[in-house]
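Reading through the structure tokens given below for one structure.
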Amino acid sequence: MFLQRTAFALARRTPVRAVAARPFSSSVIRSNKAKYAVEKDGKILSFEEIKTEEDLVPPGAKAGTVPSDIEQATGLERLELVGKMQGIDIFDMRPLDASRKGTLENPIIVNGAGDEQYAGCTGFPADSHTVNWLTVSRDRPIERCGECGNVVKLNYVGPLEDAHDPLQFPLLTQSLQTITATATATPLPRSPRLSPTTSSLSTGTEEL
């Protein structure tokens, strides 16, 4: 037992040499300034001046300030914001025609830029039944409500190219031109609610 304790004590006192000496060295990482440099400064343009994707680049906020929506919004968000500032609803979110009940000969028109569009029907007159969501698509543009018989029809206003086709790569520029052409300069409606004596149809997730 004494010899074992002595061996442990000697082992603690004996310095342990490193297996391999490691040289101390440092390296300098250089960033490529030209790679991350901003090619073009953004600027605030009016709705009529926006023609391409480059026109939707924001100017950014000044150093030390918190950016506002108009200073940092990009893409379709910026196009929608600029349009609303001028009283233009680029996505046409106004309520559908509720003065009549759609028929196969004269259906209610629903504008859509995608392959599918949803329209909510609450009957004719308004609030006659709970909302029924009708799905219209490019393959099946006409749909009838199972409760009141109201007929809606899709009016496709989007690009003609298929975004999921690997052989086609549509640019945002053509979508901007399509949206700009279909947007109207009429003032936004103050209230989307319809009178109780008329039918209620809505698109998206808003129930009227």
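Cβ from N, Cα, C; glycine included.
Caution: TrEMBL annotation is automatic and unverified by curators.
Computed from a predicted structure; not experimentally measured.
Noted in TrEMBL for the protein shown:
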type: BINDING; residues: Cys121, His129, Cys145, Cys148; note: Zn(2+) binding site
type: REGION; residues: 183-208; note: region 'Disordered'
Sparsest-packed among the binding-site residues, when each Cβ's other Cβ atoms within 10 Å are tallied, from Cys121, Cys148: Cys148
Excluding Cys121, His129, Cys145, Cys148 themselves, which residues in that chain have a Cβ inside 8 Å of the centre of the Cβ atoms defining the Zn(2+) site? Thr122, Gly123, Phe124, Ser128, Asn132, Gly146, Glu147, Gly149, Asn150
